[in-house]
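In what follows, a single structure is set out as structure tokens and then discussed.
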Ligand code: SD4
């Protein structure tokens, strides 16, 4: 039997190889004592390492809620990606973070425009569990986080974000760039190499069939100060109804909000659509609203139904999502898309 250390090491090597390729690939993981329903899916290539964090919880009989928190914390803590404090700042040069979490009983919590806190997803969970509210924003969210014992991190941009911000200041143009997070590397992006979308959304089902979801982001780089996207909004960036399924979004938040995206996907599954077809129908709704401007944006949905089937759909080419399921496969899947 492989030791856990070896398992993690071999997984990390495999993940690096997987992340290098954009096509559908599978990586065999060592067998784990799993029940048939276990599943975790998450957005973009960074979902691969995040899924391992969630899988560790699920495979030990843990709760989906704990899994989706632990999973995206991996990404929030990563230096190699723009989710969390390493993300691009707003146009004033300040990183502001949004996150939300939802469990199988409609319990939910959210924080928005939170500054200097490393794990906004955990603060969102505390809002859910320790306050009578669903959402805290800005200064109040930070005050709550500190009162809950979360350390206040220095107000400092990462070297990559600093560079990208300085470059952006030369023109101060705000133009979302389709799929730029997919490069996984700020250096290959536009405006001096800035990633412009910086989100991970994750959905999981545990051995007892409980569904939960999480979403965390630094939001659109160089956004207006005070701007919120879909990611902290229950019903837009994330929605879970355990009897039906769960869905989450990434991409241009303003357009996901317009159709209450994640809730729409869940309602379409309630009407009998498969996860992929429901995601597609939501994307089509946005494309219809946007008309000629649809090509300027990217929106993507992932979904899981109560039976443990999963699917995704994007407006444009280039959206990947990572899946880890009870067959012990870790996969990176290129999602189907509308604008061909
Ligand atoms: C937002 N939906 O703030 C987020 C951005 C995103 O990958 O998903 N980036 O609008």
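Yeah, the Cβs are placed from backbone N, Cα and C, and that goes for glycine too.
The annotation signal peptide is assigned in TrEMBL to 1-26.
Annotation source TrEMBL lists active site, nucleophile at 199.
Here TrEMBL flags 227, 228, 229, 230, 250, 251, 252, 253 as substrate binding site. Counted within 10 Å of its Cβ, the other Cβ atoms near residue 252 (substrate binding site) come to 24, all protein chains included.
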**Item:** Between residue 229 (substrate binding site) and residue 199 (active site, nucleophile), the C-alpha gap once rounded to whole angstrom
**Value:** 11
**Request:** Please report the number of other Cβ atoms within 10 Å of the Cβ of residue 199 (active site, nucleophile).
**Result:** 31
**Asked** Sequence gap of 6 or more, C-beta under 8 Å: which same-chain residues meet both conditions with respect to residue 228 (substrate binding site)?
**Response** 98, 112, 113, 137, 219, 253
**Asked** According to DSSP, does residue 229 (substrate binding site) fall in a helix, a strand, or coil?
**Response** coil
